[in-house]
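Enquirer: Before anything else, here's the structure in question.
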Amino acid sequence: MIYLNNVILNDKTLPMCFNLSVNAGERVAIIGESGAGKSTLLNLIAGFEFPAQGEIWLNDKNHTRSAPYERPVSMLFQENNLFPHLTVQQNLALGIKPSLKLTALEQEKIEQVACSVGLGDYLERLPNSLSGGQKQRVALARCLLRDKPILLLDEPFSALDQKLRVEMLALIAKLCDEKDLTLLLVTHQPSELIGSIDQVLVVENGQISQLQKGV
């Protein structure tokens with residue numbers, strides 16, 4: 001569950017105010033012009049920015065002032081932020097243990113998540129040997145390893161071609177079903193999401209100006 005009550009950010013160029021209610025397990029697309037406040041909305045929910053006033057509730061707990069690591073949220077960006085000198089397995093391990101010293105149970109968990117995103121045979125590879133779509137699968141798997149119930153996606157697939165975007169969106173939908181995730185996805189291609197989301201939010205001039213259900 002995500003609930004924002006009169007959340008205000010006093011940005012110098014564009015003051016923003018957000019009111020939002022998303023039920024647990026819902027999938028929501030966020031659209032709008034560049035600079036309208038879409039990424040800022042996700043950053044406020046994730047804890048990368050803090051509001052001047054208002055409240056942010058996540059899964060029935062007030063997280064308005066919580067640090068990012070304290071929130072029930074994982075966030076995936078367009079930049080996959082993989083370490084080029086580490087294998088896929090090691091990059092995934094960073095999601096649960098920065099020391100990379102894994103227990104047998106943690107190693108098994110990594111292998112299971114890697115298989116769930118189609119990377120079971122790529123664990124020993126370095127990122128430079130992967131395609132763009134495979135790199136984003138690694139980044140997605142790292143998010144999933146954190147076992148957070150809310151998944152935020154900030155245009156993570158915009159650099160991929162249409163075929164790969166459709167494949168990744170289908171994978172996201174499958175994982176949301178399996179793990180009962182609440183999803184917020186910033187996109188410039190809402191037509192690719194038809195039939196797989198519950199709401200579309202339109203962000204305009206720092207506010208949510210429209211809400212469309214059942215897309």
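Cβ atoms here come from the backbone N, Cα and C positions, even for glycine.
Per Swiss-Prot, domain 'ABC transporter' is recorded for 2-215, and the stated evidence type is sequence analysis. Positions annotated as ATP binding site by Swiss-Prot, on the basis of sequence analysis: G32, E33, S34, G35, A36, G37, K38, S39.
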Enquirer: If you count other Cβ atoms within 10 Å of each one's Cβ, which of the binding-site residues G32, G35, G37 has the most?
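Expert: Sorting the candidates by Cβ neighbours within 10 Å, the top entry is G37.
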Enquirer: Taking every protein chain shown into account, which of the binding-site residues E33, S39 has the largest tally of Cβ atoms within 10 Å of its Cβ?
Expert: S39
Enquirer: Looking only at DSSP and grouping its letters into three states, which state does E33 (ATP binding site) belong to?
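Expert: Assignment for E33 (ATP binding site) reads coil.
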Enquirer: Show which residues of the chain containing S34 (ATP binding site), separated from it by at least 6 in sequence, have their CB under 8 Å from its CB.
Expert: none
Enquirer: Would you mind listing, in sequence order, the residues at least six apart from A36 (ATP binding site) in the same chain with a Cβ closer than 8 Å to its Cβ?
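Expert: Expected: V203, E204, N205, G206.
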Enquirer: Sort out the sequence-distant neighbours of K38 (ATP binding site) for me: same chain, 6+ apart, CB within less than 8 Å of its CB, listed by position.
Expert: I30, I31, G32, D154, V186, V203
Enquirer: Quick check: which same-chain residues outside G32, E33, S34, G35, A36, G37, K38, S39 lie with their CB within 8 A of the centre of the ATP site CB atoms?
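Expert: Going along the sequence, the neighbours appear as T40, V203.
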Enquirer: Within the domain 'ABC transporter' (2-215) only, compute the mean pLDDT.
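Expert: Per the prediction, mean pLDDT sits at 90 for the domain 'ABC transporter' (2-215).
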